[in-house]
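**Q** Reproduced below are the annotations present in TrEMBL:
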- 159, 160, 161, 162, 163, 164, 165, 166: ATP binding site (BINDING)
- 65-696: domain 'Myosin motor' (DOMAIN)
- 960-1237: domain 'Dilute' (DOMAIN)
- 575-597: region 'Actin-binding' (REGION)
């Protein structure tokens, strides 16, 4: 591949369809130019008119696009935010993004596998910047701050209808219910979750924008005790849309509860409600009515449902429905009919009954229906709160606010006015909180604070709620007997038009007014404002309802008191209380965004999203950040990312903080563009992009240099190869030319000369070899002769000693003969002499052996006599011993009979003492090294064998029970002590094997020696106790695994994923406001070495405690599965880790683990196979992802990963440098299509709690019981070998 030339700067220009469009500058812009020459992404050339004072915003480098946090962008503005969200949502399929302290959640309109319990546990305990943005991360941050600071928290979830507010709030409550599950049997967290379908049934409805739109605001306080476990909850509601009960717009529905009642009309328990046949069979929701039983008594539930049916029946004033309505409530039908159509007017002198018009009667009926439904809604909420009450004292709480976002429709009325008023108050609180956090950040980092200009919406709030404001004028008009909407609107015109810039009168309408809210201008229709604010029911109807025989006593008292208050007054009071609560807590913000109005999955409508971003305060946060120092890097992050820009002299300095300062002062001359804090470096907008350009240029130049060297080397190698080929061709060509007659003759003569010369040389060499061989033979033969002579010389000496006389006689003759004898005669004489000498020597040896034999026989005879004498003595002693035993047996039997009970108790106490001996006196690591494996188990079994020898069932039963209880007690007391659990797992396993080995069963006896078979139990079958011990061993094993996992789990992600051991491999990128905890300080961090050391500690401890090799392999396999699962799960939830370089690092770490297995000889444990999914994920990060062949290779290779996991990694792949390319959505769809036929579980996360089935193989002990010795260090002096 090659490096191209750097492109020109890119900018954003406005667009009618996409809001903003990217363009590349094709001609240098000079100050004062009126046109900017650009080229659009589709290739269109354009001269864009610009204002020199307001140039188009610059586009961020591609390396910064798709970040988890919008504040990590170098250029912070609306098009950058919109583009980043679109890339994450459409291409990466990521619905959550941070924007400083805000979590932006885009509704995917599709079920995603990112909310399971495994995801909850993955986010539990993690810092907010360590994982990908998620609603669970916000919930965890709130929970952690509550526990750390003992301060109440609030999570404010807002957004348009259909943006996903209710679902987000539901997930936060589910998170708290999971991570803070109480230990009591009250199951409070389940009740909190069960309240959601109840409130959604009575408060949610289908609208044109959302099938499950919340038509009320809800603030749920989840209470925690001092252990931060849920003990209860309380719910407050705001601004229920009561008008929906009597009127629904086109293509909208009433509240879900009415359709659920109709669907349940035929059930026996609801027949008395007389609902009739259901006409609403096409229900959008199938929430069962049984959900109401959570938190309701039977009477209360039916009372609420009965009143719901009242509202359902309160339709037109017809006899049929009116009769059913009165019958259900136990009212006088005639009275109700009369006062629904008449009105009582009370004056000072008389009372007048006035008939109402049809429209007035309809209004009275609707007011009654709305009032009943409103108070029934409050009644249900009250009953839920009663069910969620708790007896103890609340320590802290976390509030979850699910409230409507800013709304603007074609026709906006009283409800939208109240909603937008509430959002103005929330936006003011949000602005102040953001401003406060910014100031605290600067003060903490010791950076000079300069006042930042931010939008203050206090003037809008004053316009609405101040004295003689809109609300006060509305209440004033409602108090007038003949107050009208038109009169109230005229007062608004008189007071605010041309006097308040935030209030306008529409040009083409006299029934509307316009308010400039923080998000947008909204035009409100004044029609119905007064009627909705009064929200009154005639007193006569209230008096009639008080006569109802249904349980309504307390309910109607509240009903009467609340009818005296206007709707705005009640709403202002509740909103004021809410703001007081929020200001007393630490807020966390979730802004839900609706990506399109057609509810299509992962479709991004830029116009709609931009409108909501402006309305929800995200862009205001960005604007505040951009005014100061929006980009913030820790010194560690900066050093890791930009070390390539540092010189060798700068890198030689030990202080990284000082290095960063020196480098920045060299690279950026304007010191006003950055500030050095205590732990971070603050950059102005655009400076990170400039540094990225310098880094990219440096890498590009380095790549060009490498390419130059490689290409030069390739060309040189090619040149040398061509040169060698040319020389070879020249050689053969010249040879062909040199072949002539003269050359042939000369060549033949040369060959003849060579022949004779070589023959001479060979003959000369042969002569030299012959002489050398003869010389070697001569010396060798001489050596052998001398050696033979030395052997004959002793024989001659012997002959001279023994036959001196004979030799002397013959010597004379021989001496006389020899001089005159022939050589042959001499040889004969010499042979005769030698024969005589050999014969004489044999005689001497035979006589010597005979004398030795006689001596040995005498000694053996003497020893046999002594043995016989000793045998007699032994027999005599044995006889005396038997007599003594016969005397003692009677005494022993009598003592045994008298003290049998004491003996059993003593044995039990001894057993208990033995079971607890280790925990009291010994430490496994220091003891087990010098004893046989399972020695305590063998001692326990010998005690069992003793009880079997006595044939005492009581003793055996007591002993086994106390032993098992003792082991359980030790394990319980040391449930977190790995060494103790390892020790007792090993001994429980050996004890179980001893019970099998000596049980007398053939399948176990065949492994025993004959000596061991003699020690088998004779009287008892302990198969029942073997099962109990097996279950106990499994329990100990599971606890043993849990302890190991707890000890190593916190090391896995830092060591396997975050730590970078490969030189030149760095995956750090800007992280924005949410900093990674690992980037704050690089000291005391866990590395791959930490994991290997921990594994080695586990292994050595298990070996020292004598744990069976098969059990050890199973434990190692479980640990390796945990390492692979935790690492892979974290990889799925960390987009910043899904890069090619990180894949290289993961594969390197896997190789370290494989080397460890090989070093410990554990290849047969199948532990390596458990890392296969992680290994394939690392390979997937590194492999090329462009062509169809690449997609096919991925499908064939990644067999251990599910389709969901493969797609998740491809979508999350993040380039670290400009030279890497993102995975295109078309390639992801191609891979997904190839994997459609694969049958796998659509599950993203691996189950880290999964335990492989444990097996306890039978392994007979090779040690004989008779040879086992109890060390004195055991302090078991009360035991005596029998």
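Each residue, glycine too, has its Cβ placed from N, Cα and C.
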**Q** Would you list, in sequence order, the residues of this chain other than 159, 160, 161, 162, 163, 164, 165, 166 that have their CB within 8 A of the centroid of the site's CB atoms, where the site is the one recorded for ATP?
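**A** Output for this site, in sequence order: 107, 210, 213, 214, 405, 592, 594.
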**Q** When neighbour density is defined as the number of other C-beta atoms within 10 angstroms of a residue's C-beta, which of the binding-site residues 159, 162, 164 has the lowest density?
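**A** It is 162 that, of the binding-site residues 159, 162, 164, has the fewest other Cβ atoms within 10 Å.
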**Q** Report the mean pLDDT of the predicted model across the domain 'Myosin motor' (65-696), rounded to a whole number.
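**A** When the pLDDT values over the domain 'Myosin motor' (65-696) are averaged, the result is 82.
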**Q** Could you break down the residues of the region 'Actin-binding' (575-597) into DSSP helix, strand and coil, giving a count for each?
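**A** Helix, strand and coil residues of the region 'Actin-binding' (575-597) number 9 helix, 8 strand, 6 coil.
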**Q** Counting only residues 6+ away in sequence within the same chain, which have a CB under 8 Å from the CB of residue 166 (ATP binding site)?
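**A** In sequence order, the residues whose Cβ lies under 8 Å from that of residue 166 (ATP binding site) (at least 6 apart) are 200, 204, 212, 214, 402.
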**Q** Tell me, if you would, which residue among 160, 161, 163, 165 (binding-site residues) has the fewest other CB atoms within 10 Å in the structure shown?
**A** 161
